[in-house]
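J.: Take a look at this one; I'll ask things after.
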Amino acid sequence: MNSIEFPLLDRTTQTSVISTTSNDLSNWSRLSSLWPLLYGTSCCFIEFASLIGSRFDFDRYGLVPRSSPRQADLILTAGTVTMKMAPSLVRLYEQMPEPKYVIAMGACTITGGMFSTDSYSTVRGVDKLIPVDVYLPGCPPKPEAVIDAITKLRKKISREIYEDRIKSQEENRCFTTNHKFHVGPSTHTGNYDQELLYQPSSTSEIIPPETFFKYKSAVSSYELVN
């Protein structure tokens, strides 16, 4: 099912010795043992729970759910992310060791869903908080779609160069350990906006309460971002 190919792993000699690179060997070991941290806040997470049963058996992909972010290399977000829960999500992502990956599952996680038009307390896309590797649309996505998303992530890992990923994340960081929110231009790229750096509380602009109600359209020029 959607076999993953390594171009450098098929060079064998007559003595059955495989020649490869350390990067490909590292990718192969990581994609075969993804340990997810399950971050479910709404009904989409119920569909992921179906994968634990014998019908879909997600253990065959090496997935071992963990309850600690320090033991996980994949965080799967499912459901609505509110402004109150956003700092907790960012903190969990920061505590995960490198390299780490994110799957956004469901319409509410990707765009805010039905709450994106008139809710002042909903994050309109989890990619405004953390970088997303795989988007899984649906309301809710079926278990088969979750398996397909995991397979696509494994393919991405197999073609990845570790040094390039670390460099890209270092150049696109906008969150800090104190997780303060402020008003700034919305981003839709899945990366951290370099211009939206956190300012100390002594110099940061005070956000009036009416700001939360002013910018509540689905596509607006300003969003609450981290």
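Backbone N, Cα and C atoms are what each Cβ position is placed from, and that goes for glycine too.
Just lifted these from Swiss-Prot, have a look:
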BINDING   C43, C44, C108, C139  [4Fe-4S] cluster binding site
J.: For the binding-site residues C43, C44, C108, C139, which one has its C-beta crowded by the most other C-beta atoms within 10 angstroms?
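T.: Within the set of binding-site residues, the most crowded position is C108.
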J.: Can you give me the residues near the recorded [4Fe-4S] cluster site, meaning same chain, not C43, C44, C108, C139 themselves, Cβ no more than 8 Å from the center of the site's Cβ atoms?
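T.: Surrounding the site, in chain order, are S42, A78, G79, T80, G106, A107, T109, G113, G138, P140.
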